[in-house]
Every structure is written in structure tokens, then in C-alpha cells.
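Here's the structure we're looking at; comments come further down.
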Amino acid sequence: MQFIDQACISVKAGRGGDGIVAFRREKYVPAGGPSGGDGGKGGEIVLQADSNLQTLLDFKFKKFIVAQDGRRGGPNKCSGASGKDLVLKVPCGTQVRHQTTGIILGDLKHHGEILVVAYGGKGGLGNAHYLSNSNRAPEKCTEGKEGEQWLLHLELKLLAEVGIIGLPNAGKSTLMSVVSSARPKIADYPFTTLIPNLGVVRKPTGDGTVFADIPGLIEGAAAGVGLGHEFLRHIERTRLLIHLVDAAAARPIEDIAIIEKELFAYGHSLMNRPRVLVFNKKELLNEQCLQKLQAEARAFTNRDIIFISAATSEGLDELLKNVWEKLEI
């Protein structure tokens, strides 16, 4: 399935139905009188969060969305039927804003949560409303109002408590596949992961925590190089970051600095987000190299440092224990 995390759509709520001019003509109503009914209200356009959806793909080809108009009024003061509301399902984590003003209309985070993005027009009034002592047979009625029409920008920001970040080929997908039920694509070349992957990791209590494997970031990501800016938005909502580093890389400390620089450049308080520094592929280094790397990392940062092997599962218990403790703070 193609992963689409942004969409621009035009929405138009239904127009209100017109009121009508009508009069009582029954022979048993000798006085007659106006009986024109009101028009029905136009249908609204509603967005609803659905936890079964993971992408905005449905809106890739659905660019112009129109709700049903209200029906015109009828005789005998019968109101026209209101237009049917149009409910559009979106993934949990979808933020909605006006395309032109940038104003955020809402943030749909929880399953079933709804947001009305375009209100239907009011129905017009029938001539029964204009009966007065001076006008016993009014010929006046009003038209229904147009429904609201907006250009909206939908943006999906994944809802995960823990984000796994790092340069390409650091082993993020392998780690995700080991600690969760997710099965991301894994291969020994950079940029294997091209979309964020979500997985549920079980705590010792049995409760689930959502982890997000963010595709590999590169230098300049915060400025839009590669797809970095597209991916960085998905860690805005996380409570904790696992910064995964390839311990066997040529310059692992420089690799750490690259990601730190991108987090700072992107902003959104990512630099202040709690995180743990994790060196992966420890099985490829001897004890002397591991100690040297740990000393260099200690000189670079005061964050918790953990060495693991996602391939052999060594160190994963220590990592998850650290994660659970940080999430409890």
C-alpha cells in the first residue's frame, strides 16, 4: 500500500433548500392562507478518525468533495429534507488546517473523534413565515443559503510514543522487527525503509506501546534534503526517541552529530525530547573497540548509552527497561 501522509482537498457543504410559496386550497379551509414550507438544511462535511487507517491514500484522487443539498420546502408547511452529512474517514493523527490561512481546525488523535470542516447552508423560509395582519396572502419566500466551501490541507503525523531515528542502515528496521510484531522490509543497503513503520511493543505488564521506525535521515534533512522533512514530522508527537547508531560505521561519533544537528535545525522542541543513545551491531566489534567507542560517546553526550545487537538480541532487555523507565517519568 502506498503511504500518503499529506493531502489537499476542496470541500463544499450542501446548499440549503429553497422555501416555497403555497396556499391552502382545500374546500374545508375557507380562509385558506399561506402554507409554503421551509427548505431543508444542507449536508455537512465531517472528518472522523479511524484507527484502521494508516494513510491518507484515499484522498490522493478524491480532491473535490461535495455534500448533499437540502430539498426545497413543500406545501402544507412541510419542510424539505435536510441534505445527508458526508462523513470522511481519516487516520488517527490527522491534523486539519485551512490551506489559505494556515489556521489549524483540529487534530484528530483518537478513534471515533469527529471534526465538522464545512457546515451546510440554512434552508430558505416558506411564505407561511410572512403571514401578517397587513398581508394575509404573502407571495414572499427565501432561497436557501450556500454551504461553506474550503480548501483544506490534511497532514498525518503518526501517533507513536517512541520514535527510532538514525542514519540509513543503522538497523532501525531490524530492531523494530525484533522488539515488536511489525515486519518492515529489511536489507543490507541504505534507504531500504521508505515509509514510517509502526509496531506495538509489549511492556512486562502486558500493555502495548507504539514504536515508530522513522526512515533513515541524512545530513540536511531538516532543510528538506531527501525526504527528511517529510519524516521528521512523524516524531513531533513522540515522548521518547531511540537514537540508533551503527557501532561498526567508519565514524560513529560524527554520525551522532549529524542527527543531533538535524533535530536542532528542525525545531519543534525535538532537542529537548528525552532520548537514549543506542549503538547497534556490537557483535561486529571486539571488547577493546567497544570500550573505546563508549569513552568517545561519553565525552560527546551525557545521555544514557546502551550497546545492543539487534541481530542476536543482546542488550535488548536493557534497552527496553530503560525505555519503560523513561516513559514512566
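Using N, Cα and C of the backbone, Cβ positions are placed for all residues, glycine too.
Sequence annotations record features per position, and here Swiss-Prot assigns domain 'Obg' to 1-159.
Residues annotated as domain 'OBG-type G' in Swiss-Prot, with sequence analysis given as evidence: 160-328.
In the three-state DSSP classification, Lys172 (ATP binding site) falls within a helix. There are 30 other CB atoms within 10 A of the CB of Lys172 (ATP binding site), with all protein chains counted. The ATP binding site annotation in Swiss-Prot covers 166-173, 191-195, 213-216, 280-283, 309-311, and the record cites sequence analysis as its basis.
Residues or ranges marked as Mg(2+) binding site in Swiss-Prot: Ser173, Thr193.
Cβ-based crowding with a 10 Å cutoff singles out Ser173 as the top-ranked of the binding-site residues Asn169, Ser173, Ser309. Between Lys281 (ATP binding site) and Ser173 (Mg(2+) binding site), the C-alpha separation comes to 13 Å. Ser309 (ATP binding site) falls within a strand when secondary structure is assigned with DSSP. Confidence for the domain 'Obg' (1-159), expressed as mean pLDDT, is 92.
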